[in-house]
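Participant: Sharing the feature lines straight out of TrEMBL:
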SIGNAL    1-21  signal peptide
DOMAIN    37-117  domain 'Ig-like'
DOMAIN    129-213  domain 'Ig-like'
TRANSMEM  232-257  transmembrane segment
Amino acid sequence: MKIYAPPCLLLCFAGYFSVLAVVLKTNNESPWTDEFDKIELSCLIESISTTNPRIEWKKITNDGPSYVYFDKRISGDLENRAMIREPATLVITNATRSDTAKYRCEVTAAEDQKSFDEIVIDLVVRVKPVVPKCSVPKSVPFGKSAELSCVEDEGFPKSQYQWFKSREEIPTDPKTSHTFFNSSYLLNAETGTLKFISVRKEDAGEYFCRAKNDAGYAECPPQMMEVYDIDVVGIVLGVLVVVVVLLSITAGICCAYKRGFFSSQKQTGNNYKVPAKGDGVDYVRTEDEVCRSS
Ligand SMILES: *[C@@H]1O[C@H](CO)[C@@H](O)[C@H](O)[C@H]1NC(C)=O
Ligand SMILES: *[C@@H]1O[C@H](CO)[C@@H](O)[C@H](O)[C@H]1NC(C)=O
């Protein structure tokens, strides 16, 4: 069976209820503020018949809801930092980063037909980034890879990163810039890493990083990155020289031993060091073994 009601009747019906219903509204469902500033979470009563409604505010986090206004008192996290402005607006006088959460304004109006309404407000407290921790390698061999990193964990929303070389911003894509055209690197604005795939002489310079978000930015001091040539032939020769020198020293010591040079000195050695019992014997034996084995 269908019920046909003339439009007027529906309107009158709706009108009747709106008189006897509590209805909330807000000026701003998702307000934001910077840390240590004031912010209002507006909860306005659009209609109500009850004279003394019960007003409550809850903070909703992952751990569940907790009272911040109950029994006409500010409590919990917001104690001493907030107040209620008539009729039901919550004013936080000194917001902190931990205030970022959803808040629910609940009004119970016992004498109204529809006696309950609630409104959820999503508050974001922005936190300026602090000076990021930057790591720039001091010197990198030509043609090798190099990684520069920049990290900052205080900022909220999470910081994004920019790198600068000699005061000029390094673009995400080197091909978009005349200065960085020939550079080969990967720049990640989310993680703060600047990774050179193969450094060139021209990549040497002063680097610094900036962490930024909606609340502001902070930079680390510039640090120098140098690029040097690796002379492969030089290194091989250098290593060879060291090896030869070490071998000659070892051979020299052993031969000196075989000729009894050290053991004759051993007798006068008591003058500067009194060896523990058996110590001298062990010592000589060990050195003998080294010589024999080489
Ligand atoms: C706000 O709170 C912070 C610490 O929570 C405090 O250092 C600061 O002085 C407060 N500001 C005001 C205006 O009360
Ligand atoms: C990039 O390399 C090309 C070819 O080696 C050279 O002609 C050009 O001047 C270089 N550009 C920059 C900006 O260094």
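From the backbone N, Cα and C atoms, a Cβ is placed for every residue, glycine too.
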Participant: In the domain 'Ig-like' (129-213), how many residues does DSSP call helix, how many strand, and how many coil?
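Facilitator: Per DSSP, the residues of the domain 'Ig-like' (129-213) fall into 6 helix, 36 strand, 43 coil.
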Participant: Mean pLDDT across the domain 'Ig-like' (37-117), rounded to an integer, is what?
Facilitator: 95
